[in-house]
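Worksheet: one structure, shown below.
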């Protein structure tokens, strides 16, 4: 077993997927109708290489302490069939359920390819969002970190949770793109991440900029969303493993590989 020490600082605001958010049904309705709508370090040898390996690990692992304690997203709901309508569902949720049936295909699940097509159709209707488009590898990663039952696809509740977050984070992105460049600059990034519910330390911000931003430190929309989806998933994973709330977790090698390889 190895101990993952706390890495982040401060308190995140309320994140997560509470409710569908304003205009979600309209956005997807527009999509259907056509309306506008730093990589890991090399392994050290045995014995004397342990200290170096741990220092590298400490700089890479996004272990979550105080920030995770104050980040309280709703858990991804259990998978249910899209047609299982609950009596207390709002009309907006029911409308989303009907649209999901059109988007998901015959198996009523959203694959990485289907997610990529959906997201790229949406962003083409928002010329103010600078993006190279959502690639298949990005969408595979997004599906993996949201795939609570490891089917390789997103069911209705999983997709609804993801979509709700994307809509919320799109609003944050536009709010903090103060120079209207279509990107988030390195100076705008901390405020944007805090508004999205994540308050990180400077070291992790620098890591994120190197991983998700261009050479000028600017982050476009697809990288912004991809990064936040990953952060949300890592926060939730850490909180689920930190059962006693100490800000530390212990995982064995199999648990670590499962957590990191399918993401």
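The first residue you see is number 1, and the count goes up from there.
Keep in mind that glycine also has a Cβ here, set from the backbone N, Cα and C atoms.
These come from Swiss-Prot:
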type	residues	note
BINDING	104, 107, 109, 114	Ca(2+) 1 binding site
BINDING	132, 220	Ca(2+) 4 binding site
BINDING	147, 149, 151, 153, 158	Ca(2+) 2 binding site
BINDING	177, 179, 181, 183, 188	Ca(2+) 3 binding site
DOMAIN	229-263	domain 'EF-hand 5'
MOD_RES	1	N-acetylmethionine
MOD_RES	174	N6-acetyllysine
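Features as recorded by Swiss-Prot, highlighted on the structure.
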| residue | record | Cβ neighbours (10 Å) |
| --- | --- | --- |
| 104 | Ca(2+) 1 binding site | 20 |
| 109 | Ca(2+) 1 binding site | 21 |
| 132 | Ca(2+) 4 binding site | 12 |
| 147 | Ca(2+) 2 binding site | 21 |
| 151 | Ca(2+) 2 binding site | 14 |
| 153 | Ca(2+) 2 binding site | 20 |
| 158 | Ca(2+) 2 binding site | 22 |
| 174 | N6-acetyllysine | 17 |
| 181 | Ca(2+) 3 binding site | 13 |
| 183 | Ca(2+) 3 binding site | 22 |
- Cα distance (Å, whole number) from residue 132 (Ca(2+) 4 binding site) to residue 158 (Ca(2+) 2 binding site): 25
- Task: Taking Cα atoms as reference points, rank the binding-site residues 107, 183, 220 by distance from the residue listed as 'N6-acetyllysine' and give the first.
- Result: 183
- Inter-residue Cα distance where the pair is residue 147 (Ca(2+) 2 binding site) and residue 107 (Ca(2+) 1 binding site), in Å: 16
- Query: In sequence order, which same-chain residues at least six apart have a C-beta under 8 angstroms from residue 220 (Ca(2+) 4 binding site)?
  - Reply: 129, 130, 131, 132, 182, 183, 214
- Task: Compare the Cα of residue 104 (Ca(2+) 1 binding site) against each of the binding-site residues 147, 177, 181, 188 and report the nearest.
- Result: 147
- Message: Looking only at the domain 'EF-hand 5' (229-263), how are its residues distributed among DSSP helix, strand and coil?
- Response: 22 helix, 3 strand, 10 coil
- Query: So of all those binding-site residues, 109, 114, 177, 179, which one's Cα sits nearest to residue 153 (Ca(2+) 2 binding site)?
  - Reply: 109
